[in-house]
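K.L.:
To start, I am sharing the structure in question, which I have written as structure tokens.
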Amino acid sequence: MEVDGSKMNTVESEPPLAPPEEPLRKLIPVAAIAAGVQFGWALQLSLLTPYVQLLGIPHTWAAFIWLCGPISGLFVQPIVGHYSDNCTSRFGRRRPFIAAGTALVAVAVFLIGFAADIGRASGDPLGKTAKPRAIAVFVVGFWILDVANNTLQGPCRALLADLSGGNAQKMRIANAFFSFFMAVGNVLGYAAGSYTHLYKMFPFTKTKACDVYCANLKSCFFLSIFLLLILTILALIIVREMAMVPSKVEPPENRGHVGVKKVKIPVLGELFGALKGLPRPMRILLLVTCLNWIAWFPFLLFDTDWMGKEVYGGKVGEGKLYDHGVRAGALGLMLSAVVLGCTSLAMEFLARGLGGVKRLWGIANFLLAICLALTVLITKLAQSTRRHTTHSGDAKPPVTGVKVGALALFAVLGIPQAVTFSIPFALASIFTSDSGSGAGQGKFCNHFEVI
């Protein structure tokens, strides 16, 4: 849109020409990058909360570190999306950002994995005391990792849309592949996190400053970056983008007008401008999405910590019971990822069988509420059945029934999680189909998730 510069100063930049449609075989390598990204996310969710406590960060402060994810998502995603849409690099619009995101992930993984060693080399003490220098390195690496992941995922999805060339069926197939590879990455990440001897593949990871748990985490991140690098390099080699040049054709309504001035709207201005025109159903959808993720995030951040402390009765840095609980939690997350993948494949069948996507989403939210309430019951059962009496004074793991119940809870949570990952975006498209703006509504769901 262009307007007379003497009257208004807010116009949009002209959209670039649509890229040509590519065969399906070129979409799969791009979608596969999701496996490498999600491998790292799975490690973050399952292992990093216990790790920050080993560095000496109090349990109550651990959640504040995780704020970097929502904050970076709130600002990085729209900024990267804006500049990616308008990028005129000879390498294409998306590939430079995908390569940059992968490089940032590698830097962040190095800082996180070697935080304890860097802290020790800088003067941190050994033992169970707080390690301020290691904490500082870890926090910097953690922020870089979240920025890198947000830099990487958005252009990957955008590249899939570009390669689909506006073909709606091919776009659905591309998103299905992306979701499938996300589930694959989750399974691999949680499986790696639950394996206690992975550090033996990389013996150099265990040092005086980095115990077995730390060495396992370091080894997991090495595998994560190897997988991501391989998948990204393959995708960038196989898929070639044409350099996109914005259209310079003047809109018909402005032809013949004098004093027409072309001004770009800032990225945040575009976002807030679009929010003002949202229909009422869309506003309700975004509000429910926000409340839904308020319920999800505490469990996602502390699920393995809950297993280690409340279910297994362990303490951070004291004995192996807490570590065993964290590994059991990672196994539970792997089961959840498997159920998530299976549920995603059956989503259309479930929606038809239950009477529509809105009813399915409502049932999933009630199931989520029941599962979260059951965490209290499992905690109480673990406390009442746990055996504390050994001659060494160490607590023992919970009975088999409590373990099975906790793992079953993790698995069942994969059902509402699959619904949460897909249905809100489908509803957003339905609610905005009449206005023709459904294609861009997914980013609003993302923003209300991070809020």
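Cβ atoms here come from the backbone N, Cα and C positions, even for glycine.
Just lifted these from TrEMBL, have a look:
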- 1-20: region 'Disordered' (REGION)
- 27-47: transmembrane segment (TRANSMEM)
- 59-76: transmembrane segment (TRANSMEM)
- 97-115: transmembrane segment (TRANSMEM)
- 173-193: transmembrane segment (TRANSMEM)
- 221-239: transmembrane segment (TRANSMEM)
- 284-302: transmembrane segment (TRANSMEM)
- 330-351: transmembrane segment (TRANSMEM)
- 363-382: transmembrane segment (TRANSMEM)
- 402-427: transmembrane segment (TRANSMEM)
K.L.:
Ranking 173-193, 221-239, 330-351, 363-382 by Cβ pairs under 8 Å to the transmembrane segment (97-115), which is first?
P.N.:
221-239
K.L.:
Using a Cβ-Cβ cut-off of under 8 Å, list the residues of the same chain that are 6+ residues beyond the ends of the transmembrane segment (330-351) and lie near it.
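P.N.:
For the transmembrane segment (330-351), the list is 42, 45-47, 179-180, 183-184, 186-187, 190-191, 193-194, 303-304, 307, 357, 360, 406-407, 409-415, 417-419, 421-423.
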K.L.:
Below 8 angstroms Cβ to Cβ, which residues of this chain, lying six or more residues outside the transmembrane segment (402-427), approach it?
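P.N.:
179, 285, 288-289, 292-293, 296, 299, 303, 307, 311, 328-329, 331-333, 335-344, 347, 351, 357-358, 360-361, 364-365, 367-368, 371, 374-375, 378, 381-382, 385, 441-442, 445.
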